[in-house]
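Copied over from Swiss-Prot, here are the features:
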REGION    1-20  region 'Disordered'
MOD_RES   Ala2  N-acetylalanine
MOD_RES   Ser9  phosphoserine
MOTIF     24-52  motif 'Q motif'
DOMAIN    55-226  domain 'Helicase ATP-binding'
MOD_RES   Thr149  phosphothreonine
MOTIF     174-177  motif 'DEAD box'
DOMAIN    237-397  domain 'Helicase C-terminal'
REGION    413-455  region 'Disordered'
MOD_RES   Ser424  phosphoserine
Amino acid sequence: MAAPEEHDSPTEASQPIVEEEETKTFKDLGVTDVLCEACDQLGWTKPTKIQIEAIPLALQGRDIIGLAETGSGKTGAFALPILNALLETPQRLFALVLTPTRELAFQISEQFEALGSSIGVQSAVIVGGIDSMSQSLALAKKPHIIIATPGRLIDHLENTKGFNLRALKYLVMDEADRILNMDFETEVDKILKVIPRDRKTFLFSATMTKKVQKLQRAALKNPVKCAVSSKYQTVEKLQQYYIFIPSKFKDTYLVYILNELAGNSFMIFCSTCNNTQRTALLLRNLGFTAIPLHGQMSQSKRLGSLNKFKAKARSILLATDVASRGLDIPHVDVVVNFDIPTHSKDYIHRVGRTARAGRSGKAITFVTQYDVELFQRIEHLIGKKLPGFPTQDDEVMMLTERVAEAQRFARMELREHGEKKKRSREDAGDNDDTEGAIGVRNKVAGGKMKKRKGR
């Protein structure tokens with residue numbers, strides 16, 4: 001990281017936040033009227049805890065360290081002060097937001113443009129997986145806000161003629177702990193060297209790791225720390241369970257759970273791209289409306305999957321940890337940890353996809369004979385023993401034959417998909433990578449399994 005600029009330690013504005021948010025409005029926080037109206041139009045009826053803490057300090061011109069759990073309203077906490085300042089001193093290339101993933105970058109851009117639609121705010125998303133030339137043209141138009149992943153931004157700073165950030169007024173690092181965990185330290189260091197020192201900096205992170213502390217010392221001046229949650233915890237309205245399963249029956253138990261909790265929306269987390277794709281195909285072959293989201297899909301397909309799930313055109317989203325943090329996915333009823341996370345902290349972020357904004361939700365973790373130690377670490381981290389989810393094992397076993405048949409077709413589809421990729425066939429529109437399972441699915445007798453009467 002860049003050498004520290006002898007900045008002071010963060011001021012502690014991080015006492016447990018007082019429960020006064022019901023009396024606060026965005027106007028009370030100092031947000032200008034036109035942006036308050038935009039908040040109303042987005043359905044933001046009152047500010048969240050992190051917004052109550054961070055916005056007034058940011059409007060005073062302070063650097064901010066925001067420690068907040070997923071789904072806490074972090075984007076509004078930095079977007080509103082930036083737009084407020086932009087109204088006072090209009091300027092192109094006004095703010096840069098660094099984010100670890102492409103999907104999160106697009107979501108942040110959507111929120112900036114929605115909040116700033118009435119004042120003509122323009123943003124550009126600069127991420128990998130998208131044509132560099134079109135991004136260069138977008139940068140040439142000098143948008144007000146740039147939302148970028150560090151690697152692609154460095155590419156443009158080094159190679160796009162005429163592009164620089166020498167007049168930048170605001171830097172935001174969102175999901176800073178994840179940016180650093182993804183080995184973007186070198187890129188962040190380069191960015192810090194080419195932007196003005198006389199700027200405002202907001203650093204938002206779910207956790208205060210040693211790397212984040214080092215980044216704070218290098219990048220922020222006399223920051224104020226706003227902490228919503230200072231320890232690892234899950235929300236009270238989240239019902240958490242586990243199921244102890246022989247490894248070879250994981251697919252069968254998953255189908256059982258989906259039938260038992262039919263009518264809910266599900267996010268199912270898998271550890272690898274391949275297993276995400278395979279499981280999505282398996283479920284599609286059984287008639288479930290499942291869709292995958294993982295890093296080996298093209299950017300358009302990833303966004304397509306996300307949008308179909310958000311629009312409720314699909315009720316089951318299977319994902320790698322790319323979707324466990326940051327993404328704005330409302331109304332997830334059940335999270336299933338099909339593959340247990342190898343890092344205990346990832347459990348918090350995964351199950352944080354449900355029971356958001358005061359709603360209730362369920363999280364079910366599959367534990368095989370190989371996962372016991374990992375599961376015990378999770379229980380130690382959250383400070384509680386999880387109850388078992390009730391299952392009827394005889395009913396589960398009745399599903400094995402049909403699930404085995406669907407597994408066979410899923411493997412077949414996966415092989416065909418791999419061969420198509422090798423032949424470099426044209427992208428099939430906005431179809432997700434499991435659409436091809438439709439023909440195969442009809443070969444699996446009976447389609448989606450119905451619950452037996454009397455249950």
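Cβ atoms are placed via backbone N, Cα and C, with glycine included.
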Query raised in the report: Do any residues at least six apart in sequence from Thr149 (phosphothreonine), in the same chain, have a Cβ closer than 8 Å to its Cβ, and if so which, in order?
Result: Leu98, Thr99, Pro100, Thr101, Arg102, Ala105, Ile126, Val127, Gly128, Phe184
Query raised in the report: Over the domain 'Helicase C-terminal' (237-397), what is the model's mean pLDDT?
Result: 89
Query raised in the report: What are the helix, strand and coil residue counts for the motif 'Q motif' (24-52) according to DSSP?
Result: 13 helix, 0 strand, 16 coil
